[in-house]
Amino acid sequence: MAAEGTSYAQMGEGGSYVGKPVFLWAAVYGLGLAALIASSYFNPFFIFLFVKGDAYTLGNFGMVWEMWHGVGCAFVGLMNLSVFMDPFGFGVAGRRAVSLNTAFIYTVWGVQNTYYCIFRADLFTLLMWLHAILCLLTGALSMLAWTKGKAA
């Protein structure tokens, strides 16, 4: 475990720690997605930037699933923010576990969104493509740093 006062540059194997920006990005993106989803309770404007309003209907149960997904986005964001804010409390193994889980969830979201952008293009705007790519990028960055043993 790193000594108190150790900088990020001194943490991790090999004397370097590249994960800090990845944790911050995953946190901001996850919390942003949660806010986007929560905003639909009040006004669908931001959701309609990604989905075509005339084709967007989830029904009663779909709205419940949407809110559950928002809670998942918030959890991913808060977990990454926790590691970003207090890396010493997590240790290398803890940071690596968070980065692996982050890689998994963002990659799954990216694959799902890419699939629907391709096969249900009638439902989504071009911004959904950007979201799908950013999810895949976040997953790839988390996995890349994890495989290098630098816990990001």
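Quick reminder: no glycine exception, Cβ is built from N, Cα and C everywhere.
Database features (TrEMBL):
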type     : residues : note
TRANSMEM : 22-51    : transmembrane segment
TRANSMEM : 63-85    : transmembrane segment
TRANSMEM : 97-119   : transmembrane segment
TRANSMEM : 126-146  : transmembrane segment
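For the transmembrane segment (63-85), the list of distant contacts is 19-20, 23-24, 26-34, 37-38, 40, 94-95, 98, 101-102, 105-106: same-chain residues at least six beyond its ends, Cβ to Cβ under 8 Å.
For the transmembrane segment (97-119), the list of distant contacts is 19, 22-23, 26, 29, 72, 76, 79-80, 83, 90, 128-129, 131-140, 142-143, 145-146, 151-152: same-chain residues at least six beyond its ends, Cβ to Cβ under 8 Å.
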